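Noted in TrEMBL for the protein shown:
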COMPBIAS  723-732  compositional bias 'Basic and acidic residues'
DOMAIN    805-907  domain 'Small-subunit processome Utp12'
REGION    723-742  region 'Disordered'
REPEAT    103-144  repeat 'WD'
REPEAT    145-186  repeat 'WD'
REPEAT    187-228  repeat 'WD'
REPEAT    411-451  repeat 'WD'
REPEAT    492-526  repeat 'WD'
REPEAT    587-628  repeat 'WD'
REPEAT    629-670  repeat 'WD'
REPEAT    671-703  repeat 'WD'
Amino acid sequence: MGLTKQYLRYVASAVFGLIGSQKGNVVFVTLRGEKGRYVAVPACEHVFIWDLRKGEKILILQGIKQEVTCLCPSPDGLHLAVGYEDGSIRIFSLLSGEGNVTFNGHKAAITTLKYDQLGGRLASGSKDTDIIVWDVINESGLYRLKGHKDAITQALFLREKNLLVTSGKDTLVKWWDLDTQHCFKTMVGHRTEVWGLVLVSEEKRLITGASDSELRAWDITYLQEIEDLEEPEPKKIKGLSLGLQDTHEAKDGTLELDEAPEDRIVSCRKAGSIMRGGRDRVVNLAVDKTGRILACHGTDSALEVFCILSKEEIQKKVDKKMKKARKKAKLNSCKGEEKDLEINVETGLQDEIQRVTNIKTSAKIKSFDLIHSPQGDLKAVFLLQNNLVELYSLNLSASTPQAVRTSRITIGGHRSDVRTLSFSSDNIAVLSAAADSIKIWNRSTLQCIRTMTCEYALCSFFVPGDRQVVIGTKTGKLQLYDLASGNLLETVDAHDGALWSMSLSPDQRGFVTGSADKSVKFWDFELVKDENSTQKRLSVQQTRTLQLDEDVLCVSYSPNQKLLAVSLLDCTVKIFYVDTLKFFLSLYGHKLPVLCMDISYDGALIATGSADRNVKIWGLDFGDCHKSLFAHDDSVMYLQFVPKSRLFFTAGKDRKIKQWDADKFEHIQTLEGHHQEIWCLAVSPSGDYVVSASHDKSLRLWERTREPLILEEEREMQREAEYEESVAKEDQPAVPGETQGENYFTGKKTIETVKAAERIMEAIELYREETAKMKEHKAICKAAGKEVPRPINPILMAYGNISPSAYVLEIFKGIKSSELEESLLVLPFSYVPDVLKLFNEFIQQGFDVELLCRCLFFLLRIHFGQITSNQMLVPVIEKLKETTISKVSQVRDVIGFNMAGLDYLKRECEAKSEVMFFADAASNLEEKKRKRKKREKLILTLT
């Protein structure tokens, strides 16, 4: 048997050319104690932290595969919660950049994340219509709130009360009581989707933004407060609250659904509307930390800023109005009109919420965040649609506040999709060109070293020598640039239609261009005298033209420069002799036009990629099709051979890059990473690097490793990945009392939870085997009348020669806190009796009481019927009851003691710091006195 052919694996090396992707939101983060300087921006599957002052990327929070859809910093500023497209949430530490906590519970993309005031709980809303509240400290889910009928758009914790307010695309705003975990109020005053909501005026007012040009304001009264104000008779209060309800329902015609008057905690009354400038839907609505500034934007490039006045400011306004009214009344009485002593001044919503200004950005806003700088200015950071981050500053104390743009991050990426990529001959520089600019990147540092403005670029290459580049544009022009100066040397009107393709001649003296004007033109490089200087500069000269019957989509020279392949709009590829331009072959077989092609280094094969999703490999001697491969699930956009080999890469609109072997017609590997269709790729001259560009605005660098890739293993890994995906998609096991498919627990079945359950099962089986062996061993020892050596299980030896029961405990401790419940849910009941007996032992010995109680109570909840009906387990449960109560009270006492100790230490520290403070104050006073005496002496001497 011959050796199997070995290939080398390509792996993802870096993501660059991207400033921020549009699916997520931009947020200010605190780093190194500085606020308002750093922002976190979603970047495909990663999160980039940018320094706004220097315009540099200082930290990357590495994602795994899914795109980021939501960001939320914790109140203490040390962590960042990141929501992903697949419904998972990761919490990253901003100090280390590591994501240690993962929550899996949602089935669809995360749409909103909010911490409570202390940062101990995190509420997540998703496109799957559920809200889950997570315990961040214990790293586990608390409960799932079901009720909305469409995607959740916003969730807010109340500061003072244990309540949660949520809004959704189902036009509803729901109030949840988190003590009982049920929805006690649904506001149905909106006719369209509710896109945002905020709480202002010390949580006494709710402002909602919908799909129209109004922001609706609702006055919130908490019924406990009404009770305090009125007489404490419950009947009276019910009547009062119902009376309130009836009056305002009659006023604005909005209905409110309530479970029952007794369950009332909150009463909402519409206070009015604020008109926005924009006519479209509200995209984002937010307040700053102080709750004084309200800002919102639609689908355009203007952010509207409003100021919420305090009670004192409103009172001042009322007093002013009263003064005016009194003056008017006096004047009227002087003129002999009737005296009107009753002067009433009404304040509307317009008096309480004032428009400040509009901030106009350079492109459409995707998201924004607000922060107050120490100088008193308002800072607003924007993530824009065209791969840009801008920072504006607004001086609120000015009489007419004007927004000033203080910084923007632009160099790190193009404003539009990259349409062409090229490598320099030394593998170091990478050229990328888009609709308005060309950028030259250093491959090793991924820094942009040159930016040049251009027309809409479609194709490009480095001129031999790597000092100039040539760009072909959509208008049919050739643009020649000098890299050292970054200047445009020359623009040539080469074609009348779009210049789709260029191919450098193998002798490096010229190149060929193909265009939509149905012609192929041949060009030579030449040196011409520069008018501005004494030196000569590079130029191009057209030598020949080949006229064709169809639009040209792609051109390619054969390596010996004898043949030229031309792809046409009629789905064929025509091969011509270069010297005579005579027709040689026609490659016919694709059902849709060929968009890309390349000829192998030895000139024997040509591979063509088409919009019909197929790649065909042809012989160049007779034009016969060797093989047709179904390559991608959408159009094949780009194809290039690896230099000096018969391997080639294809890129497709299906977001994948694939590597193929043209000799064996084998698919070698798939490079996945892009989140949108891929437009182009470039393979470096050495074959060690591949760069790809996509509609997600990112450029990705892939690197060839020394790791051999064996096809059988690769297929096996692919099958495993598919199986793991299918396991996660299977239905959850239904708990007695629940309907199938409805999940009330916070977790979700993933491959990790299945593996964790398998580990528990293996541990218990090992425990059973080992206990049986121990009994046998004892019997043997008894029969022999002496101690016989016993073989020890290698797994137990690896764990430091522990007992089988201790091994089971180790396995339980090794399961992630966020996956514990789900793992126990998958565990079959046949293992539960053993688990309960072991738990009894562990709790008696006082091992990990908290963890074991959590597992125990969960198992009792889900297997209640089977456990209570099993006679064997009754004594075990009785014992567990005794030991658990005593041990939990012990643990509680320890925690109480520790808390008291910490309180004492805190008081001691405070007392010491006060002493220090007084000492500092005294020394400062002495210093001031000394300075004053010096000054007096100086004055005396001067006089």
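Each residue, glycine too, has its Cβ placed from N, Cα and C.
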Arithmetic mean of per-residue pLDDT over the repeat 'WD' (145-186):
93
Which residues of the chain, 6 or more past the ends of the repeat 'WD' (103-144), have a CB below 8 A from one of its CBs?
69-72, 74-76, 79, 81, 83-91, 150-157, 159, 164, 166, 168, 170, 176, 178, 181, 743-748, 750, 752-753, 816-822
Which bits of the chain, at least 6 residues beyond where the repeat 'WD' (629-670) starts or stops, bring a Cβ under 8 A of a Cβ in it?
5, 7, 9-10, 592, 595-601, 605, 607-611, 613-617, 676-683, 685-687, 690, 692, 694, 702, 709, 711, 714
Within-chain partners of the repeat 'WD' (587-628) [C-beta distance under 8 Å, separation at least 6 from its ends]:
553-554, 556-560, 562-563, 565, 567-575, 634-641, 643-646, 648, 650, 652, 660, 662, 665
Counting by DSSP, what is the helix, strand and coil composition of the domain 'Small-subunit processome Utp12' (805-907)?
94 helix, 0 strand, 9 coil
If we skip the immediate neighbours and take only residues 6+ beyond the ends of the repeat 'WD' (671-703), which ones have a Cβ under 8 Å from one of its Cβ atoms?
10-18, 21, 43-45, 65, 67, 387, 413-414, 417-423, 425-427, 430, 432, 441, 443, 446, 634, 637-638, 640-645, 649, 651-659
DSSP says what for the repeat 'WD' (411-451): how many helix, strand, coil residues?
0 helix, 19 strand, 22 coil
